[in-house]
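K.L.:
What TrEMBL shows for this protein is this:
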| type | residues | note |
| --- | --- | --- |
| BINDING | Asp25, Glu212 | Mg(2+) binding site |
| ACT_SITE | Asp25 | active site |
| BINDING | 26-30, Arg38, His42, 70-72, Trp74, Arg76, Arg193, 199-201 | substrate binding site |
| ACT_SITE | Asn73 | active site, proton acceptor |
Amino acid sequence: MSTAPILSSVPVDAAVPRHVAIIMDGNGRWAKARHLPRVAGHKAGVEAVRRVTRAARAMGVEALTLYAFSSENWRRPEDEVGALMGLLRLFIRSDLAELVEENVRLRVIGDYRRFAPDLVALVDDAMAKTAHNSGPILVIALNYGSQAELVAATRRLAARAAAGEIDAAAITADDIEAELDTAALPPLDLVIRSSGEQRLSNFLLWQAAYAELLFVDTLWPDFTADTLAEAIAAFGQRQRRYGGL
Ligand code: IPE
Ligand code: IPE
Ligand code: MG
């Protein structure tokens with residue numbers, strides 16, 4: 001007699017990364033090539049976010065992390081920063097219902113509490129409304145910088161050590177990981193950067209320790225479900241070794 005379970009869970013396909021992170025770059029250059037203002041590139045970038053989040057869900061990616069605003073992006077002109085915030089408001093207002101419907105959990109990494117109070121409230125509300133969902137996780141990096149994340153984690157651990165709650169000499173990599181904004185997310189498998197730039201720009205430095213890196217020339221507003229499918233196919237061809245043979 002077979003003892004196979006009647007309901008088998010969805011097969012885990014090793015060729016599909018569990019956690020994909022994307023550095024969505026190239027909006028400005030996309031707009032420039034069309035003689036449009038940079039904000040037009042950001043608007044088109046939001047459309048790409050919709051396409052790619054839907055595609056990632058359809059492909060069975062458990063967690064998708066999108067770099068939307070870095071802690072260094074405050075260096076941009078005030079009107080561009082304002083336009084990016086405006087687009088974020090619009091995105092949450094128009095897409096929250098779909099995320100709830102699709103059983104997506106929304107999480108934010110980064111110090112988003114530095115944003116305008118209404119935007120902070122909007123983000124908190126969106127996270128609360130999706131907190132009990134059990135499906136894929138959409139992580140948006142807002143005012144995120146990996147070094148600031150590590151500094152904050154280090155300070156919390158140092159404070160606990162100073163208070164005698166933990167032994168500083170016994171701190172492990174797991175302890176550090178538990179203090180990061182990404183705690184409890186699946187391990188990062190694949191980092192994709194669009195627009196041809198080949199750098200991490202302070203994104204998930206710790207988490208990317210053994211992630212596969214993929215740099216594509218496509219500008220973010222041109223990124224489609226097919227671009228993601230190609231990236232995932234390329235990931236499937238990589239041989240991950242983690243220092244072993
Ligand atoms: C990425 O596109 C979007 C954000 C950083 C918010 P850019 O605005 O950096 O586009 P380029 O790099 O100038 O083309
Ligand atoms: C990284 O892109 C940040 C985001 C995609 C949000 P940038 O365009 O800000 O990065 P640099 O300045 O070219 O390194
Ligand atoms: Mg850029």
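All residue numbers here begin at 1 and follow the chain in the order shown.
Glycine residues also receive a Cβ, built from the backbone N, Cα and C atoms like all the rest.
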K.L.:
Cα-Cα, whole number of Å: Leu200 (substrate binding site) versus Glu212 (Mg(2+) binding site)?
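P.N.:
For Leu200 (substrate binding site) versus Glu212 (Mg(2+) binding site), the Cα atoms are 12 Å apart.
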K.L.:
Sort Arg193 (substrate binding site) into helix, strand or coil using the DSSP assignment.
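P.N.:
Strand, per DSSP.
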K.L.:
Distance between Gly28 (substrate binding site) and the residue listed as 'active site, proton acceptor' at the Cα atoms, whole Å?
P.N.:
13
K.L.:
Listed binding-site residues: Asp25, Gly26, Gly28, Trp74, Leu200. Which have a CB under 6 angstroms from an atom of ligand 1?
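P.N.:
Only Asp25, Gly26, Gly28 qualify.
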K.L.:
Please check the binding-site residues Asp25, Trp30, Glu212 against ligand 2 and give me the ones with CB under 6 A, sequence order.
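P.N.:
If the test is a Cβ under 6 Å from any atom of ligand 2, the answer is Asp25.
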K.L.:
Once near-sequence residues are set aside, which residues in the chain of Gly26 (substrate binding site), 6 or more away, have Cβ atoms under 8 Å from its Cβ?
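P.N.:
Listed in sequence order: Gly41, Ser194, Ser195, Gly196, Glu197, Thr218, Leu219, Trp220, Pro221, Asp222.
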K.L.:
What does the structure give for the C-alpha distance between Trp30 (substrate binding site) and Glu212 (Mg(2+) binding site)? Integer Å is fine.
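P.N.:
Cα-Cα distance, Trp30 (substrate binding site) to Glu212 (Mg(2+) binding site): 26 Å.
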K.L.:
Looking at the recorded positions listed here (Asp25, Asn73, Glu212), whose Cα lies nearest to that of Arg193 (substrate binding site)?
P.N.:
Asp25
K.L.:
Taking the recorded positions Asp25, Trp30, His42, Asn73, Trp74, which residues show a Cβ-atom distance to ligand 3 below 6 Å?
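P.N.:
Near ligand 3, sequence order: Asp25.
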K.L.:
At a 10 Å cut-off from the C-beta of Leu200 (substrate binding site), count the other C-beta atoms across all protein chains.
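P.N.:
Counting Cβ neighbours of Leu200 (substrate binding site) within 10 Å gives 16.
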